[in-house]
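In TrEMBL this protein carries:
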- B:Thr157, B:Lys183, B:Thr194, B:Glu281, B:Asn404, B:Thr409: substrate binding site (BINDING)
- B:Thr194: active site, nucleophile (ACT_SITE)
There are 2 protein chains.
Amino acid sequence: MTAVSPLAPARFPKMPEVTGVTLASHACGVRYAGRTDLLLVEMVAGTTAAGVFTKSLTASAPVEWCRQSVAKGRARVLVVNSGNANAFTGSVGVASVKRTVEKAAKLADCRSSEVYVASTGTIGVRLPDEKITEALADARAKLKGNAWADAAKAIMTTDTYPKGATRTATIDGTKVVINGIAKGAGMIAPDMATMLSYVFTDAAIPADVLQALLSKGVKGSFNAITVDSDTSTSDTLMLFATGKAGNTVIKDAKDKRLADFKAKLFDLLLDLAHQVVKDGEGATKFVAVSVSGAASKRAARVIGMAIANSPLVKTAIAGEDANWGRVVMAVGKAGEKANRDKLSIRMGGVLVADKGEIAEGYDEAPVTAHFKGQNISIEVDVGVGKGKATVWTCDLTHAYIDINGSYRT
Amino acid sequence: MTAVSPLAPARFPKMPEVTGVTLASHACGVRYAGRTDLLLVEMVAGTTAAGVFTKSLTASAPVEWCRQSVAKGRARVLVVNSGNANAFTGSVGVASVKRTVEKAAKLADCRSSEVYVASTGTIGVRLPDEKITEALADARAKLKGNAWADAAKAIMTTDTYPKGATRTATIDGTKVVINGIAKGAGMIAPDMATMLSYVFTDAAIPADVLQALLSKGVKGSFNAITVDSDTSTSDTLMLFATGKAGNTVIKDAKDKRLADFKAKLFDLLLDLAHQVVKDGEGATKFVAVSVSGAASKRAARVIGMAIANSPLVKTAIAGEDANWGRVVMAVGKAGEKANRDKLSIRMGGVLVADKGEIAEGYDEAPVTAHFKGQNISIEVDVGVGKGKATVWTCDLTHAYIDINGSYRT
C-alpha cells in the first residue's frame, strides 16, 4: 500500500453536524476489498443544491445525470461509489445510473431528480450497480449526523488520506455551519470543476444564489490547482443547503449579508483544494505559483498553469533544484504576453532573476535551502500589465510513475 | 552516465559528403569536460538558407539573431555550442552572439548576416563566449567534408546518441544529396519549430523556395512530436543549399520538378524527428498516436497531442498497461469536438473500444502483448468528421525524473 502523503494534514478536522444532513459509509465490494466504497447522504426535504462539473467532452454518465438534475435546484439523496468511474460505459452506464437513482429515490420517498450520484475509479468498466442498489437499505440503517471522517474515507481512490474541512459563518446574525469533503489525487487538472467534492450547510439559501456562490468560488480554488494536467471524466463539486439554521433567506448572491458566508465558503473550498494537491500522486512538495504583471487575470492564470504543469519545473522541484531557467521556459511557452526583458522571478521570496537576466549578486544558497522544505513559493512578474493569479501544484516524483504505471493491476 | 536509449538506431547512418559543406567539431570547454561541445560548419559562397524557430516568447539571443538574418536567405557559417543555451541572459547574451558572429565572419571572410549561431544547454547562465571565439581558428583548421557523425555528437546535451539522416533525390534529372543532423531529448514539445536540427543539400534552390519547403515539412515532422510538452527557448531548424549539384534552378516550391526533392526532404525530417523522440529522456517505448474522424486536421492534431502529452497515458505505457480509459480521458480534455458515443480506439491494431464503450468480445491478451513491445500504436476515431493527424511521443519513466531532477548539478 502507498504510504500517507508527507504533505497530509496532522489530523482530520473535528467536524460538527450539519442539521438536516445524515451520512453512512458501507462496504459493497464494487472493486476494493476490506474497505468502505459507498457513501450515502440523505438531506431533509427543502434542501437546495448547486453544482459544477467537468468540462470533459467524454464526461461520465453520473456527471450527465447530475448536471441535468441540478437545474431543478433540489436535493434529498447523494450516492457515491469509489473504484469504478462508470465512464465510457455507453447505454449500460446510463442504465446503471437510472437503476441506482430509482432505488435510492424509492427508499427515501423522493423524486429521481432529487438524487445525485457519482462514481470514480477505473474508466471503461461496467459498474456492477446491483452491488450498490442491494446495499442501499443496509446503508440507510446506519445514517447519522456525525460521520464525516468515514464519509471522506469511503470516496477515496488513490487518495492517501481523507479530506475534510469545516467553517462557521453568520448570515444576518444567524450562525450557520459549512462542512465539506473531497477526494482526488491524480487526473487533477485545471479548467473544469474538480474531482469529487461535496459541501453541506444548514443555511437557508435559494438554489440560484447557491449556484452563483459556488460558480464564483470554484475559480480561485479547485480551478486553480493541478496535479498532472489531466482532466477527469468525473469531476463534480456540489453544494447543498438544508435551510435548518433558520437564517434570513437572502435572494441576491451579491447582498452584503452573505459576505461572511461567501468568505467562509471560499476559504473552505480553497482548504479542500489544497488538500487535494497535497495528496497529489507521489507529491513531496506543495508549490504555490503566483503570477503578476500579466495582461489580464486570465493571462496570469494561463502562465501560472504553464509553470505548474511543466514536467521540467516539477521534476526540478522534486530534485530540490532551484532551476529557474525552466520557469523562464514555461513563461515562454504559455503563449500569453510577457516581456522577456522585464521578467522577474522570486523563489522562496528571494529575487532570482530581474529585468531579463539573473539578479545582480544573486546568492543561490537561501533558495536551495527553501527548495529543501515542503512548501515552495515561485513568484513571477511578466512585466506587461496588472493581471494577477495564484495556482497550486505539487512536484513530479518516481511515486507518480509507480502509482500510474500499474493502476489497474 | 546515462545509458544509450533502448530505442536508439543500431548505428549512425553512412552519410556522403555534401559538396560545398565542411564541418569541424572541437572541445572548447563551455561546460562539459572530455567531449566536443562546438560545431563549426562552413559553406561555399552562394549557399541559400531557410529556417524555422521556436515560438517561445522567451526565445534565446541566438534564436533572435538567426530569425533576423535568415530573412536575407544567405549562409556561409554555422556555429553551435552545447552545454549553455545563452537564453535569458539579457544584453550580455546579445553581446555574446555579436562577438561570436563577428569573429566567425572575419575568419571566413563573409558578412555577419551569413553567420548563424545556436546554443543549447542550461538557461540563464552567461555564455563564456571567449572560449568559443578563441577556439574558432583551431576548429577551422579541422574542417572537412566527411565529419557528420562527429558533428552530430558535438551538439548533444542530454541526448544519448547522435542523430543523423541522409537521402538522395533528383531534381529535373540531376542527383542531389540531403544530409541532416539533430539534437534533442527533453524540453521537446509541439507548436514550434524543433530543438536543434540542421539540414544541408548540394541542390541549387533559391532561399524563398527553400523556406516554403521547410515551413511545410516541419508540420508533419518536428511539429508532430512531443517528449514532455515543454517548449524550448532555443528550438531551431535550418536548411542550407550550396547549389553545387548543378541542377536546374526552380523558382516555385509547387513545381513538380521539386516533388522528389520535397518527398525526400520531408522523409528525412520525419526520420530526424523520430530519432529525437526515440531519445526522449528516459524513453523505453516509441508511441504513434493516430487520430481520425476529427472536425479538421488541426483538431485531430490537438486531440493527438492531448493523448501524447497526458502523463497518465504515458505512465500507463511505461507500465505496459493497456489502460485505454486514459485515452478516453485525454480525448475528453482536448477541448475539440468528439462524439463520445461514436468514439472508437484501437491499440496495436486491435479494436478495444467502439461506439462509446468497450468493444464486444474484447480480448486484452494481444493488446497486453503489444504493450510489452517497443513500438506502441494507438488509433482513435472521434466520430465527427474527416480530419486526420498522426503524432509521435515516448513513455514517461523513472529515468525522466532522474535526469531532470538534477540536470544542473
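Glycine is no exception: its Cβ is also placed from the backbone N, Cα and C atoms.
Worth saying up front: this structure is predicted, and the values here are computed from it rather than measured.
In the three-state DSSP reading, B:Thr157 (substrate binding site) counts as coil.
Minimal Cβ crowding within 10 Å, among the binding-site residues B:Thr157, B:Lys183, B:Glu281, B:Asn404, is found at B:Thr157. In the three-state DSSP classification, B:Asn404 (substrate binding site) falls within a helix. Proximity to chain A (CB-CB distance below 8 Å) holds for B:Asn404 among the binding-site residues B:Thr157, B:Lys183, B:Asn404. In the three-state DSSP classification, B:Lys183 (substrate binding site) falls within a strand.
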